[in-house]
């Protein structure tokens, strides 16, 4: 297959755009090494963005040379304009317009604009009618190698104890569902390629078409997502119907029929108790493949959406701010789950989340996009049905992947790879409409002198915009790398170097995220200084003041950038709480006021009340601490941390029975937490219920075999029960792992001498000297 079929120079703008298009998008699923310093999604985002800018640049060269801009009149374009326009309006009217417009979240205006721009690229670069076939064929081949590499890395990370494989994250996405969705798409593409292109060709093409399908099916079996099987079953069934229309009922026995049968089998036996699911689960556990993903369900997403639209019907909470609506309106029952403290960025699916963040404007925009796409797909299916020839098969090539990927937007959050492929195939669908003659109308600037001049100016304006976008993307790449390097330095204890890098990041950016990161590192720097300072000299006092003022200034910048983010108020409250415990006058009131502002923005978060309770406890205000801890428990009755702190407060007050009750509640709320069992055992030990305490300590050790504190108290308990040989064995085992511990040596000496473990050694007997006569 040749990419270039004309006699133009390979270095022409047209050919360079075409080359880049195939390189960028065919390598997109596998381009990121999973061991790089950059986060996988971040690198893919930058690869995609820079690639789109580069392709657009060379397309502009072509438009400038021709002095003419042309664009097909396809309903999908109206749908794309609707979602871009709705996202722009809701972003500018949101509480955090800068983040909503320019952040790298998948639902920001910038992301939606770039994804929509991707749909125009196939229109700009295609040269001949079989370009879609070439793209699909090459995508299948690259996905085959991607799957092989994924499989090799998965096995290596499981069975090879090499440090390079420990941080393996995946190639396509961090999410196993996203990988499964991608390989399901490859199966759909491979089926269409085989049935409409390779089946009557050479055996080599048949093999090359089937290899991606076979290895992709293996990944689908490994991940075993019901949603993917359902979508694959629907697309296989649709393909069978079109094949029957083309060739008759003989197509009932075909490759799509086999895939349909396999899909239906996995759907039928999708229950976890079925023999098929048990077999797949065994393989997953053997390979350490965890397909479990946490996300809001339909009911919680609807509850949050309903309240968000009620609060702001027109624009919702704004793009990228689903997490804020979640904090304000999440159902009360969420706090009883293990994920009560998760600020979800999306709901059950991409489109439902966009309704939450976009309000009625977002709903209308996405509804217009869906209706336009459905109309184009339905029209394409009708055209093929009326005339199922080779030319119209281009429609099948393009709209089946669109149907497959578009359906996932309703009940899932696809990753960047699958989102990009959806918009690419939307572009190919518009190309197919043009090639099959369904709609050949175009917008054009025309070629007379005035219109040509306008096209030239438009090209120059677009060129300037692309240069600015390129500079902005490279700046963000630099800031991201610098921020990650700063985090690494902070983890190594090199706080001064970390702070300098983050200060440069914040000088060049306008993000509360980076400001918040700088506050946290400066706070670590201050804590380290307080812990290592050997005197309260004037120089040290000045350093302390400078450190704290730096934290204060940076925290205030974060709050100014986004006063509606509760995290900004929390990072500002913590340094004040810290210095309040050191006796700084007025810091307590300021810290409490900031905590209250964080609570107002996230009223259902018991973690804030617990943090406030610990702050009160550090200030020796135990009654206030108890009140705050109880408010945390009102929000989350099974809150382990709150029960443990409350038990500690009761223990400090001598209310041993109340402390035991709280510890028992803690064990009931988290039966697999070894600290909870240890605290309960300690309290039972203090009550004199030594035999019961021994059993409880043993349960803590069963959960955490290396828990030295629990073993220590098991030894003491056995000693009090008179089982000194067993106690001696426990303490000797502890001494092996703690050879320099003098207390253990003393206990072992006491037990060997027949004394109790914690007995003081007897003083040596003094002898009186004979008096001189």
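Using N, Cα and C of the backbone, Cβ positions are placed for all residues, glycine too.
Note that TrEMBL annotation is computational and uncurated.
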What range among 297-315, 316-334, 335-353, 392-410 does TrEMBL describe as transmembrane segment?
392-410
Under TrEMBL, which of the candidate ranges 20-39, 440-459 is annotated transmembrane segment?
20-39
Matching range for TrEMBL feature annotation, transmembrane segment, among 225-247, 363-385:
363-385
So if I exclude everything within five residues of the ends of the repeat 'TPR' (674-707), which remaining residues of that chain have a CB under 8 angstroms from its CBs? That is, six or more out.
640, 643-644, 647-648, 651, 656, 659-660, 663-664, 666-667, 713-714, 716-718, 720-721
Check the repeat 'TPR' (708-741) for me and report the mean pLDDT.
87
Six or more residues out from either end of the transmembrane segment (108-126), which same-chain residues have a Cβ under 8 Å from its Cβ atoms?
14, 17-18, 21, 48-49, 52, 55-56, 59, 62, 71-72, 76, 80, 83-84, 87-88, 91, 99-102, 132, 135, 319-320, 419-420, 423-424, 426-428, 430-431, 434
As a test: from 45-64, 138-160, 180-198, 205-222, 416-433, pick the stretch that has the greatest number of Cβ pairs under 8 Å with the transmembrane segment (363-385).
416-433
With helix taken as DSSP H, G or I, strand as E or B and everything else coil, how many residues of the repeat 'TPR' (708-741) land in each class?
27 helix, 0 strand, 7 coil
Folded-back contacts onto the repeat 'TPR' (708-741), same chain, C-beta under 8 angstroms, at least six residues removed:
674, 677-678, 681-682, 685, 690-691, 693-694, 697-698, 700-701, 747-748, 751-752, 754, 756-758
